[in-house]
Amino acid sequence: MAQPQTRRQPPALAVAALIALAVVAFQALLVPLFAAPAANLEPRDLPVIVAGPAPAADGLAANLERARPGAFDISTEPDAASADAALRDHEAYAAFVVGADGVTLHTASGASPTVATLLTQATQQLSGGQQVRVVDVVPTDVDDPRGAGFAAGFLPLAMTALAAGALAALVLRSRGQRLLALGTFATLAGLVVSAVLQFWLGILPDNYLLNAAAMSLFALAASATVAGLGSALGKAGVGLGALVVFLVSNPLSAVSAAPELLPEPWGAVGQWLPVGAGSTLLRSTAYFDGAGGGMALWVLAGYAVVGLALVALSRTGRPERVTPMPVEREAVPVG
């Protein structure tokens, strides 16, 4: 009787070495992805306003462009009141207001505490080291003056959304169960995380329901992307979703800085990824009543719709199962 063929297995040491090399290669790509944007923060076409009488304002704008070429995208306003209105509408990060007593810097630290600090230092340098008067028109919450809590509080939501999407794709058996789980998770995640950040930790200011809606949309976009790719491609899809939602999206999100501070084009690319769009939308609802969050809203909605569509239209509603290999048995004579 023909003997069953046995497959030659690669040596265990070779497999171990290949795994180690693959992980190290992945690490070599991951380290610059996280470190390079953070190490090269500087203004790049940063939207700012120069306000005041035309001759003085034009002169200050020219000085800014001469001192930092390419750093600022400068617009002008006739006075401080109109400049402050533009800051509240999230049209710029700061305004240099020219008055009889010199230049006053009006900031919107709610948009980015990092930018507010950088511009304060830059204004002092332009004024020859003299102390510059700073007015924070849209301040961060008093319990989170540097915005560190805002940035750190957003990370767990991204991680749990990734986990929820992976579990929905790999554990739940039907499309309906997956869709129900994603919707329930997103709704509860937004309500709970917003309550924790606002009422417990004091990181977010008012607009609880608006903030909860923004975080629910982000949670749905991230989890549905992972679940959709997992439903369509199996475990490989879950890995691809994790790559998009977290490993690439997180370092390019500028959640602790501003997109205009990252090297080009990565700041803009990050705003088309879930974490970047989600943090921008939450910042707009928390500090600007939703102003400036339109693009982020549509980006997240797009991820959510595509992800849910992949879940609903996937070929099978069942998670992957491992089919055992048939085992050939040698016939044993009887008698």
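Yeah, the Cβs are placed from backbone N, Cα and C, and that goes for glycine too.
Note: TrEMBL annotation is automatic and uncurated.
Feature annotations, reproduced from TrEMBL:
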TRANSMEM  148-172  transmembrane segment
TRANSMEM  179-202  transmembrane segment
TRANSMEM  208-229  transmembrane segment
TRANSMEM  236-258  transmembrane segment
TRANSMEM  295-313  transmembrane segment
To the transmembrane segment (236-258), which of 148-172, 179-202, 295-313 is linked by the most Cβ pairs under 8 Å?
148-172
Who are the chain neighbours of the transmembrane segment (295-313) in space, where the CB to CB distance is under 8 Å and they lie at least 6 residues beyond its ends?
165, 168-169, 175, 178-179, 182, 217-218, 220-229, 231-232, 271-272, 274, 276-278, 280-281, 284
Below 8 angstroms Cβ to Cβ, which residues of this chain, lying six or more residues outside the transmembrane segment (208-229), approach it?
157-158, 160-162, 164-166, 168-169, 178, 182-183, 185-187, 189-191, 193-195, 197-199, 237-238, 240-242, 244-245, 274-275, 277-278, 281-282, 284-286, 289-290, 293, 297, 300-304, 306-311, 314
